[in-house]
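Before any comments, here is the structure.
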Amino acid sequence: MWTLVSWVALTAGLVAGTRCPDGQFCPVACCLDPGGASYSCCRPLLDKWPTTLSRHLGGPCQVDAHCSAGHSCIFTVSGTSSCCPFPEAVACGDGHHCCPRGFHCSADGRSCFQRSGNNSVGAIQCPDSQFECPDFSTCCVMVDGSWGCCPMPQASCCEDRVHCCPHGAFCDLVHTRCITPTGTHPLAKKLPAQRTNRAVALSSSVMCPDARSRCPDGSTCCELPSGKYGCCPMPNATCCSDHLHCCPQDTVCDLIQSKCLSKENATTDLLTKLPAHTVGDVKCDMEVSCPDGYTCCRLQSGAWGCCPFTQAVCCEDHIHCCPAGFTCDTQKGTCEQGPHQVPWMEKAPAHLSLPDPQALKRDVPCDNVSSCPSSDTCCQLTSGEWGCCPIPEAVCCSDHQHCCPQGYTCVAEGQCQRGSEIVAGLEKMPARRASLSHPRDIGCDQHTSCPVGQTCCPSLGGSWACCQLPHAVCCEDRQHCCPAGYTCNVKARSCEKEVVSAQPATFLARSPHVGVKDVECGEGHFCHDNQTCCRDNRQGWACCPYRQGVCCADRRHCCPAGFRCAARGTKCLRREAPRWDAPLRDPALRQLL
């Protein structure tokens, strides 16, 4: 929060300006920067708005019409929209206050300030708390699913996930323009959002009935036509029967007029639901997982731990981790990225993951050779073959092209009717042949196959399972597998590769002849073939039992080719990052004798 300096001089009418304690001259006023270490010029709100107070956000909304006159509907950092008692406003980072457009919020959100120049302070946090956009911009989802920034406040995000329009405008993608009540504007392009590089905050949210979807706090879960859940941007909302819209609490959906009706006969526009966020744990292996937004990292015990960053860097001490793009400085205990330095984080133990209930559901068989996904309904197509209606227990229409939700009847022109309500029918997709495997699949037996690049392994149930490695070794517990050339250590839950034990170096008497297959070290010493000469800590020679081995700086240990010495010579680390889906155990260090 900025601290105002020389306020008395300002109110006394010193239009000539004021001088900051650091000697800087400002035309109006001097403010202490948020960090408290420097000053900059500012202009407090003297005329229209209160000097030290912002305004509290009001009730939920989706458009300005849902707010009182003179108020505006703005997008907040929690992912919902609320009414702000300014006609044009920006949301503060605390999620509870707002300021007029053209101003920025203090750190605690209770004050509004305007800086000289165009540089804005602070940022708008995108809903997942990992990305942020500059002040007076809007978070919009990009084509790849990441967050982007539309360079205007409270913007309308277009369906192509590339463009955006001003607040209240409609995206006309066909003619590449934005349509407003006063005219048209060109489409604006979004820019990628910036990662905040701080730990993911698991904010409070509403869990939907499917136990896999979440909506932001202060919103309501409503089912979509697809059977999945969407979020109505207000608490305790009324979900409309078309599975597309919703209305505020204690109102009724009027789908014919596209309005929400209250007991006082007041009407508001229907609200459109937004897709819910699917809660998907990050899988470390078949048994262990971390929360969404975390990264799996090995602990010192060899078990999995959870780092509170996405795509994090796991530090070599197996205790700490750093944000993506940073490197671990084990001496300082920090994360480094050029001149930037942040504290590193400790990992938390991972938890056992439950099987995905959707993955356990079998396909719906249409006949002996055709099937549909578990949440679909088999309906015949005009060709006589089977098709899949994308909703469970659907009504198959007689035109063999459409289907309707349960409780509806098929009517003309591919529509569905229930009472006075009419919705568009759903088109069917061809069913898949259940008995034919993919032409490039690897057959386990006559009825079961695994994708190419994987290995068939016996499962606990007596059938087959797929190991996500080629030519893998199937472990005897029938739950795990290891890469080719490794053996399963079920007790340690690891994959191990046998390496020959260390051999002592042999001292030779001075002789002009050295064995043909021996490796000459010098000074009358040699090592056997497929070994490597290394200097020992007594300035003599020792033998590393690896061919082209790497001699560690402690002069007591060595590592195989392709590895590097770490942890002061007590550990070997691969020079190339291991596969994410094949957590292999590093070879044991060998003592030099």
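The backbone N, Cα and C atoms fix where each Cβ goes, and this holds for glycine too.
Summarising the annotation, Swiss-Prot assigns disulfide bond to C126-C139 (among others) and lists experimental evidence as the type of evidence. According to DSSP, C126 (disulfide bond) is assigned to coil rather than to any helix or strand.
Feature annotation from Swiss-Prot assigns disulfide bond to C133-C149 (among others). In the three-state DSSP scheme, C149 (disulfide bond) is classed as strand.
In the three-state DSSP scheme, C296 (disulfide bond) falls into the strand class. Positions annotated as disulfide bond by Swiss-Prot: C284-C296 (among others).
The disulfide bond annotation in Swiss-Prot covers C290-C306 (among others), and the record cites experimental evidence as its basis. Taken residue by residue with DSSP, C290 (disulfide bond) is part of a strand.
What Swiss-Prot lists as disulfide bond is C297-C314 (among others), and the listing cites experimental evidence. Non-local neighbourhood of C314 (disulfide bond): T295, C297, R298, C307, C321, each in the same chain, at least six residues away, with C-beta under 8 Å from its C-beta.
Annotated disulfide bond per Swiss-Prot: C307-C321 (among others), in sequence order. In the three-state DSSP scheme, C321 (disulfide bond) is classed as strand.
Every protein chain considered, the tally of other Cβ atoms within 10 Å of the Cβ of C315 (disulfide bond) stands at 23. For C315-C328 (among others), the entry in Swiss-Prot reads disulfide bond.
The Cβ of C335 (disulfide bond) has 25 other Cβ atoms within 10 Å, all protein chains considered. Annotated disulfide bond per Swiss-Prot: C322-C335 (among others), in sequence order.
Using a 10 Å radius centred on the Cβ of C366 (disulfide bond) and all shown protein chains, the other Cβ atoms total 21. In the three-state DSSP assignment, the secondary structure recorded for C366 (disulfide bond) is coil. The disulfide bond annotation in Swiss-Prot covers C366-C378 (among others), and the record cites experimental evidence as its basis.
Swiss-Prot lists C372-C388 (among others) with the feature disulfide bond. C388 (disulfide bond) falls within a strand when secondary structure is assigned with DSSP.
Taken from Swiss-Prot, the feature disulfide bond applies to C397-C410 (among others), supported by experimental evidence.
Counting every protein chain shown, the number of other Cβ atoms lying within 10 Å of the Cβ of C416 (disulfide bond) is 22. Per Swiss-Prot, the feature disulfide bond maps to C404-C416 (among others); the stated evidence is experimental evidence.
For N118 (among others), the entry in Swiss-Prot reads N-linked glycosylation site.
The N-linked glycosylation site annotation in Swiss-Prot covers N236 (among others) and rests on sequence analysis. All chains included, 11 other C-beta atoms sit within 10 angstroms of the C-beta of N236 (N-linked glycosylation site). Under the three-state DSSP scheme, N236 (N-linked glycosylation site) falls in the coil class.
The secondary structure of N265 (N-linked glycosylation site), as reduced to three states from DSSP, is coil rather than helix or strand. The annotation N-linked glycosylation site is assigned in Swiss-Prot to N265 (among others).
Here Swiss-Prot flags N368 (among others) as N-linked glycosylation site, drawing on experimental evidence.
Other Cβ atoms within 10 Å of the Cβ of N265 (N-linked glycosylation site), summed over all protein chains shown, number 6. A simple way to gauge crowding: the CB of C328 (disulfide bond) has 19 other CB atoms within 10 angstroms, across all the protein chains here. DSSP assigns C404 (disulfide bond) to a strand segment in the three-state reduction.
Nearest Cα neighbour of C296 (disulfide bond) among the listed disulfide-bonded residues (C139, C290, C315): C290. Neighbours of C297 (disulfide bond), defined as other CB atoms within 10 A of its CB across all chains, total 22. Ranking the disulfide-bonded residues C126, C296, C378, C410 by how many Cβ atoms sit within 10 Å of each one's Cβ puts C126 at the top.
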